Amino acid sequence: MESEQLYQRGYCRNSYNSIASASSDEELLDGAGVIMDFHTTEDDNLLDGDATSPGSNYAMSNGGGAASSSTHLLDFLEEPIPGVGTYDDFHTIDWVREKCKDRERHRKINSKKKESAWEFTKSLYDAWSGWLVVTLTGLASGALAGLIDIAADWMNDLKEGVCLSAMWFNHEQCCWTSNETTFAERDKCPQWKSWAELILGQAEGPGSYIMNYFMYIYWALSFAFLAVCLVKVFAPYACGSGIPEIKTILSGFIIRGYLGKWTLMIKTITLVLAVASGLSLGKEGPLVHVACCCGNIFSYLFPKYSKNEAKKREVLSAASAAGVSVAFGAPIGGVLFSLEEVSYYFPLKTLWRSFFAALVAAFVLRSINPFGNSRLVLFYVEYHTPWYLFELIPFILLGVFGGLWGAFFIRANIAWCRRRKSTRFGKYPVLEVILVAAITAIVAFPNPYTRQNTSELIKELFTDCGPLETSQLCKYRSQMNGSKAFTDDPNQPAEPGVYSAMWQLCLALIFKIIMTIFTFGLKVPSGLFIPSMAIGAIAGRIVGIAVEQLAYYHHDWFLFKEWCEVGADCITPGLYAMVGAAACLGGVTRMTVSLVVIVFELTGGLEYIVPLMAAVMTSKWVGDAFGREGIYEAHIRLNGYPFLDAKEEFTHTTLAREVMRPRRNDPPLAVLTQDDLTVEELQSVINETSYNGFPVIVSKESQRLVGFALRRDITIAIENARRKQEGILLNSRVYFTQHAPSLPADSPRPLKLRSILDMSPFTVTDHTPMEIVVDIFRKLGLRQCLVTHNGIVLGIITKKNILEHLEELKQHTEPLATSWYYHKKRHPPSHGANGKPRSRVHHVQLIRSFQDGWGGGGTGSEEEEEEEEEVVCLLNGSSL
């Protein structure tokens, strides 16, 4: 409805239909210094450079305003010009314009579908193209996820040995067909040889341990080195998790190449290598990036999405849902993750398509069955023991631990990443990766809980102990539940194996905490979901074992005697591990609903939703007490991406005029008149300024706002007019009105530029609270809005100005506001503050003048404050 109203008002017809290769909001005005800091100087040039810099692609599209046949005015908009509707790198899209373009395209298709069978077929293809692209995205995401899972498992086992009968089998697959495998030692078979057995010919002894230790380090360093080299040489965008950049792209930012085919190929390969190297990272976060790359590539097959950046982001939202679906085997959780965490614009049809994409991706992964357990993830578990009300206390304590861990990790990781950017150490990414991989491998090998793959560790921690389990964590269970334990001595202690496992888990917890801080942010694909879940699972398992031992030895306490009988299975330590994993992941990412759904989809039951909700909400509350930003928002701010977080509340009392440009000491705002400029004067304004947008006013005498014209559109219009029509001279009159002004008979042919004029630019008054302005930018996806006073344009606010302002406010503990009163002088608009008529000039500027003695400083109730008067001053000294 909104876009249709804008269309009827001429928004599309007279303005954005002609916007080409749109300029970034950062370039619309040359304001004060930039607070946001992009990675490279190249990015800074793209954001803040002059619009006339080499390499700018100017283009122009069709617009309204037909040429007048009486004056034979130029209509140079008949042919489509290459580059129309595209954006440069590191630019922000115009959501309203893109939505309007899609409405116009849809209206055109509907008007033609009854003309012929071919047009009707085209309309059907257009209607089903959205479902086709998400189907292809789901198929590709599921297939790549299965390939990554299989390859990562094989390469991870390659660090310990090799299967002689079939080198492409991992350890578990190698022993499946062996007839010499015993139940107690089902991981040992003659077909599988460790490196010590192959090289030294012996499986036991100090020499074999040292050889296995050396080969483990060798393979870990080899995989890490190969991964970082591939990323550095072929696809620098393949590093990291990708979710911060995905969030920024979905908010409307353009990062060319981030979702390209090279990034997809290199990220898929290096993700396998990075996971196999044993670094404290996971593949679940990067799988979202991989799925979004698939969605972006397939969207170019359909013009509906390839030519509209806003529509393309609907596909990317569905792709992110598919990525989480294959990462955790949680299709519903993937949809909620896309809605809660990454998407900026999520209409209802995107919800349906996201659900379908997640369904297709999960189906494909289930068909591949990469783990051989008929499940979508390695650590799928099912619990059958109910939980009791008393257990909410340790569950909430795990939530507190998760919140504290999340707050600590965010601060420590951001501090390290900032140090990496500001020191010479960040210039050697290969050396950093090799160093971290070496430390990880050397420390991890002696501890069996850190040596194994992190997903396998989570599986072991989640699994409930039973008679078939041979883990060290379950040895005490066989003794406690055996007949001897309850007939001879009910207070018999657990075996030494469980205490050894507890100590090893404590050391593994410390190791994971330290190494995850230094690993996340390396120049290799690195996810954060699995390391965070591993830390929480370790802590939860330790707490679960402690509570279980407490219930076993003190079953007569009032906490246990009502529901925990001697010899009964009262406590499930694996459930504590699962709750701890959810709490720690929630503390780092600040996810709530989607995280609970993802975890309960892992368990296959709804009985444990209440413990999960209690732990996750406690984790979020504790984490928010130290800072409301999650790890992804923190990295967005660290990298300087122009992202307005919809979750962040604006509580300050600043006004639009305090944020707009130009400020007091800045050059005045350059404006254009609608019908009394010549081509030479217009080119002079363009050459002498670096602004990428110009408000158009009525005249020098009446500076009322007419519209807004982009610099690149003006340049394109003049070039096309000179190329396609004779008679356009330097002294030709330029006008933005519907009809040509009255000109002498001997005047050269005028140039009509109404078609490139935005007739309905978004405007706010100078007294609009910034809280409302920020809301407008967030909900409408604006790039800029004009600030007016009684219809007279005073300045401009861009998205970059808002981000700078928010950054300034974060550096102060108190809101940046002044307690003053505004009283407008009761004079007509044509008169100044002194009641005298005012003259008009080209430029306007807002200043504030304070009367002497303002503020008083007294505290008595009878003492009055002086009023502050705001004056809009023109260049000749007169005021409004």
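Each residue's number is its place along the chain shown, starting with 1.
The backbone N, Cα and C atoms fix where each Cβ goes, and this holds for glycine too.
Just so you know, TrEMBL annotations never went through curation; they're auto-generated.
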Range annotated as transmembrane segment - as stated in TrEMBL, picked from 128-148, 149-169, 359-379: 128-148
Region 'Disordered' range according to TrEMBL, out of 40-68, 98-126, 852-880: 852-880
Distal contacts, the transmembrane segment (388-410) - CB-CB under 8 A, six or more residues away: 513, 516-517, 532, 535-536, 539-540, 543-544, 547, 559-560, 563, 570-571, 576, 579-580, 582-590, 610-611, 614-627, 629-631, 634
CB contact flag for the transmembrane segment (216-238) and the transmembrane segment (430-449), at least three pairs under 8 A: yes
Predicted model, mean pLDDT over the domain 'CBS' (660-726): 83
Secondary structure composition of the domain 'CBS' (757-814) [DSSP: H/G/I, E/B, coil]: 23 helix, 18 strand, 17 coil
Range from 128-148, 259-279, 315-339, 430-449, 501-522 with most C-beta pairs under 8 A to the transmembrane segment (575-600): 315-339
Recorded stretch, among 128-148, 430-449, 501-522, maximising Cβ pairs under 8 Å relative to the transmembrane segment (259-279): 430-449
Cβ-Cβ under 8 Å with the transmembrane segment (430-449): same-chain residues at least 6 beyond its ends: 213, 216-217, 220-221, 223-225, 227-229, 232, 277-280, 420, 457, 460, 472, 501, 504-505, 507-508, 511, 515, 518-519, 522-524, 538
For the domain 'CBS' (660-726), the number of residues DSSP places in helix, strand and coil: 24 helix, 17 strand, 26 coil
